[in-house]
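The Cu(2+) binding site annotation in Swiss-Prot covers H22, H107, Y197. Feature annotation from Swiss-Prot assigns O2 binding site to H186, Q195; the stated evidence is similarity to another entry. The annotation compositional bias 'Basic residues' is assigned in Swiss-Prot to 335-345. According to Swiss-Prot, the feature disulfide bond maps to C77-C200. Marked as N-linked glycosylation site by Swiss-Prot on the basis of sequence analysis: N160. Per Swiss-Prot, region 'Disordered' is recorded for 315-345. Marked as signal peptide by Swiss-Prot on the basis of sequence analysis: 1-21.
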Amino acid sequence: MPSFTSKTLLAALAGAAAVNAHGHVKNVVVNGASFQGYDINSFPYTQNPPKVAAWTASNTDNGFVGPESFASSDIICHKNSANAQGRIVVAAGDSVFVQWDTWPESHHGPVIDYLASCGNTGCDKIEKTALEFFKIAEAGLVNGAQAPGRWASDVLIDNNNSWMIKIPANIRPGQYVLRHEIIALHSGGDLNGAQNYPQCFNIEVTGSGTVLPQGVKGTSLYTPTDAGIRFNIYRSLDSYPIPGPALPAGFAPVAQGSSAIVSSATAITGAATNAPAPIATTTAVNVVPSPTTIVTSVVQTSAAQTSAVQTAVPVQTSTRPISTRPQPTRCPGLGRRHLRKVARA
């Protein structure tokens, strides 16, 4: 008969396999050119991995950053993150299409996008705790009539696990860290139950814009008790307070669609360049399926630090819990940590 220890180990391994379903950004597409992301399955074990625009991180289990770590540097660009040594040139006004390898349907929540200027230091050298992030887009609750609701994360799944981010046309040229994040709220009703999945990339914005909004240090973006962090999704909802600093006036999410990949490209390195944004070649290597475009709208509240995202579809105005509400989904990663504690006992 297997020992308790061996049973515990098998359960832990099963939990680890389930955690790997969370996902990470595998590549970024700009004007049809696909740039490789940080490959958590090979780069950490490669002596000289390629220089990419995606920041490195130690989330080899596709894990998350919990609210208990919001004051630590892990929340900035994920656990033990380090500067990317490459960057992608993007013209102001262009879109960046990020493709996740997968995302679990049960992990409902908002999708938020930030920029942080690297100034004259360069994003490959800047200290991450010095970065000050401002929002360029946010999307949250799409329809809350029936728990757990339809969320931006569901739109991402329907869009082939991908998300379109528009770089503001009036943004000042320079090097920036693009911070793309999904916040999973399936356990958000519990203190420290939310799960943040930040993904960072170095970009160089070209153009003649002059706008550079005031930013917030990454370690000050959220607190564990923010209304949009400790949030129960298992009830009918008519709104959701997206966490983080307010979205600057004039910035908004774009219609979600697809982006054809017609070439592969390599991130550039070294000093800043005045080169134009990458233009795709005519040699097709892959095409992303084109799902139905889904649009969300933003309801801004300039006096508040949060704003709600809804569609024009009417939703229930009652926020009371429904009588037969679904039960929160327990993340396998939490069970795995519990099993480790039991094995050590």
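Start at 1 and count along the chain as shown; that gives each residue its number.
Just so you know, glycine gets a Cβ as well, placed from its N, Cα and C.
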Subject >> When distances run from the Cα of H107 (Cu(2+) binding site) to each of the recorded positions N160, H186, C200, the nearest one >> reply: H186
Subject >> Residue pair H22 (Cu(2+) binding site), the residue listed as 'N-linked glycosylation site' - Cα distance, angstrom, rounded >> reply: 15
**OP:** Could you find out if DSSP has C77 (disulfide bond) as helix, strand or coil?
**Re:** helix
Original post:
List, in sequence order, the same-chain residues at least six positions removed whose CB sits under 8 Å from that of Y197 (Cu(2+) binding site)?
Top reply: H22, G23, H24, F64, V65, H78, E181, I182, I183, A184
Original post:
Does DSSP give Y197 (Cu(2+) binding site) helix, strand or coil?
Top reply: strand
**OP:** Pop the Cα-Cα gap between C200 (disulfide bond) and H186 (O2 binding site) into the table, whole Å please.
**Re:** 23
Subject >> Cα-Cα distance linking C200 (disulfide bond) and N160 (N-linked glycosylation site), given in Å to the nearest integer >> reply: 20
